[in-house]
Structures are given as C-alpha cells and as structure tokens.
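Annotation comment: TrEMBL describes 1-223 as domain 'G-protein coupled receptors family 1 profile'. The transmembrane segment annotation in TrEMBL covers 13-35, 56-75, 105-128, 171-192, 204-226.
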Amino acid sequence: VYGYWILSHEFCVVWASFDVMLCSASVLNVCAISFDRYLAIISPLRYKSLMTFRRALILLTILWTVSVLSSFVPITNGWHNSQINSLFNLTMMTPEPQCVLTVSLPYAVLAGSITIMIPIIIALVFYFKVSEEAKRQSLFVRTLIAPSRVLLGQDVTSKSLREPFTRKSTITLGVIVGAYVVTWTPFLIANVVESYCKCINSKLFTSIVWLGYCNSLINPIIYPLLMRDFRKVYMKMLLSCCPRLKLLRQTSRDIANRGFEKSFTTRYSNSGMKTDNV
C-alpha cells in the first residue's frame, strides 16, 4: 500500500519466517494428501487401521516441525544469508525500507530441496503408483465382470467396466499434484537463480512468488470439488457458522421429500385405479 515497509525490523523477520513456514507447510501437506490417497487406493480394506487419528496427528506434527525448522530457525539465526551483517538487515535492501528475504545459494538449494523439490518427487511417485494400481484394479474388474455380462447379453464396454473409485481418486490426485508442480516449480528455479546471480527482474520474481501463493488459494477450491470428505467438512463448517443456511437446507429437503411423497402417492393411486378397471 505504502510502497515501503512501515513496521519494525523485528516484525520483518517474524513476517518472513511465517511466510516461509506457511508456504512450506502448504507444500508438505499436499505431499501428505498424496500419501493418504495412495494408502486408500493400495489398501482400501486396511486404510482405516493404517491411517488412524494418532498416526495422522503424528504425520501432521512432523510436517509442521519440518516447516518451522526450515523457516524460523535459519532466518532468526541469520543462516539464510551469511553475507548479511545484522539479523535485521532484511529491511535495508533499498533506500526505502523493504522487507525482502534475500537468501544465499546454499540456503536456497537446501531449503528448496527439503520443502519443494523432494515433496514434488514424493508426490509424483505416489501419483504414478496410484495410476498403476487404478489400471490394475480396472483390468481385474473387467476380467471378472465381462464373462457374466456376455452371458447375460449385456453390452460390455471399457467405460462400463471402469472402476469409478480408483479412476476418480487418480484424477483427484493428478489435479492436486499437477497444480502443485505448476505453481511451485517456477519459484524453486527462480529462487536458486536469483540467489546465484541476482539477475531476475524484481516484478517477474514477485509474480513467480505469487504464483506459488496461488497454490494455497486453489487448494481449498480443488479439495471440496473433487473429494467428498472435504466437501462434507466444508458443508458442516458452513452450516455451523450460518444458521440461516442450515434452516434453508432443511426447508429445501422437506420440500423435496414432500414432492417425492406426493409423486409416489399419485403414481400408486393411478396404478391402483388401472388395476381396478382391469
């Protein structure tokens, strides 16, 4: 808004640390979702016993611990750039105070590998494994159902024999991982290049950073659209926050149920009348 940093040097460090921590946590949580979908596809019958609440809590704790260790610890200790003499010199990058996190090449490579590159590789591995398992299950279902449908004279197509759950899970995971790769890979490359040669236009670099932020913007949209569990949680949150919305939903359900009952009664009455006439 002002074009320069109006807050204190100390708050700039806190802001930069939170920025790195939240971005890292967002990326690592996408990796965790890929792992969760992988377990749901590979071992659907054992999924609830494998991914218990306690194990999910441990996994999230590890992810957030890594996010904190890769952000607050190096930035507050000045490890992100050894050439900066003072810890609070993040705000001294231009004549007008600017809160700019300038990192060294070792930090850019190490932090980028831990929080972006390695999670990308892990997410892609899980995605390809889920895709292979979906194809295997689809082929298995096809071999079981095709003979019986042929005997019954039913039309057998690859679309009708496609296993819907694995296919939908593959598409969901593909969209999540694809959005993750598209939004964060440019930042990973640009951050390393900028730390080495300082040759990227500031506006271009800012645009690349905001592209990474967009991943956190689109994830809450992708999840409820493609995943039923998230959709239920979102709806529950909306209904708890908006009592009027809950009342409106209940009213619409009542109207729909009454319409169904009326339609069913009319059909039954007409059927009975026809039977009597016969």
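Backbone N, Cα and C define each Cβ position, glycine as well.
Note on the domain 'G-protein coupled receptors family 1 profile' (1-223): its mean pLDDT in the predicted model is 79. Between the transmembrane segment (171-192) and the transmembrane segment (56-75) there are fewer than 3 Cβ pairs closer than 8 Å, counting only residues 6 or more apart in sequence, so the two stretches are not in contact. When Cβ-Cβ distances below 8 Å are used as the criterion, the transmembrane segment (56-75) is approached by residues 13, 16-22, 24-25, 28-29, 31-32, 35, 101, 107, 111, 114-115 of the same chain, each at least six residues removed from its ends.
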